[in-house]
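The next block holds one structure in the form of structure tokens; read it before the comments.
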Amino acid sequence: MDAFIRVANQSQGRDRLFRATQHACMLLRYLLESKADKEAVVLKLKRLETSVSTGRKWFRLGNVFHAIQATEQSIQAADLAPRLCLTLANLNRVVYYICDTVLWAKSVGLTSGVNREKWQRWAARHYYYFLLLSLVRDLYEILLQMGQVARDRAKREKSSRDPPKYSVANEETEWLQSFLLLLFQSLKRHPPLLLDTVKNFCDILIPLNQLGIYKSNLGVVGLGGLISSLAGLLTVVYPQLKLKAR
């Protein structure tokens with residue numbers, strides 16, 4: 001209950017709750033729309049999804065300023081690669097939220113003469129760039145973690161009296177097994193990096209579908225959005241799980 005109250009008291013937490021509900025409705029709608037006796041349920045889910053999506057717009061109006069603040073913070077990162085990736089990513093996020101705000105103003109009748117399709121493409125494109133750059137940053141962090149795990153393993157093997165086991169029969173697959181083991185151990189020892197990677201990977205399915213780069217069905221987009229929203233909620237409930245800039 002305390003965790004729920006903490007989430008509800010934060011605008012980002014409320015937005016992620018609404019987003020999780022929206023994508024859960026999308027996923028359920030995809031699973032039920034092929035069933036002949038579920039038309040009424042599907043219609044209710046669609047109405048709820050639309051209502052939640054409209055409600056989210058109010059929480060997202062202040063996200064432009066939050067993205068600007070995140071850009072200022074990313075410029076101060078000590079490591080060059082994360083600083084470059086995060087700064088460019090957050091600049092694209094600022095543009096995305098500006099486009100999203102214009103679309104919201106158009107939907108409520110505050111502006112006229114706005115080409116909805118053009119602004120939607122711009123929003124999807126900059127959202128895609130933001131997520132792509134965020135994933136590049138995640139990949140950089142993963143490679144650093146894998147290097148650290150490999151060095152730690154080498155130290156243990158050097159101090160051990162037993163030499164590492166080697167089999168010629170497994171030579172062809174040894175590199176793949178070693179890589180996957182390093183990847184697993186690296187993400188296991190760094191949960192914030194795992195959460196951020198999963199969240200960004202699931203999120204990027206949305207602009208990929210909108211831009212026609214990789215077409216997905218409603219179920220895939222809904223499932224990806226739901227997983228991403230739940231991962232985001234975890235970082236709100238447990239701030240220590242949020243990936244920090246170096």
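Heads up, the Cβ atoms here are built off N, Cα and C, so glycines get one too.
Swiss-Prot lists 1-93 (among others) with the feature topological domain 'Cytoplasmic'.
Taken from Swiss-Prot, the feature transmembrane segment covers 94-114 (among others).
Positions annotated as topological domain 'Lumenal' by Swiss-Prot: 115-217.
Per Swiss-Prot, transmembrane segment is recorded for 218-238 (among others). Long-range contacts of the transmembrane segment (218-238) within the same chain, counting only residues at least 6 positions beyond its ends with a Cβ under 8 Å from a Cβ of the stretch, are 3, 6-7, 10, 12-13, 16-17, 19-20, 22-31, 192, 195, 198-200, 202-203, 205-206, 209.
Residues annotated as topological domain 'Cytoplasmic' in Swiss-Prot: 239-246 (among others). With DSSP states grouped into helix (H, G, I), strand (E, B) and coil, the topological domain 'Cytoplasmic' (239-246) comes out at 3 helix, 0 strand, 5 coil.
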Per-state residue totals over the topological domain 'Lumenal' (115-217) - DSSP helix, strand, coil: 85 helix, 0 strand, 18 coil
DSSP-derived helix, strand and coil totals, residue by residue, for the topological domain 'Cytoplasmic' (1-93): 81 helix, 0 strand, 12 coil
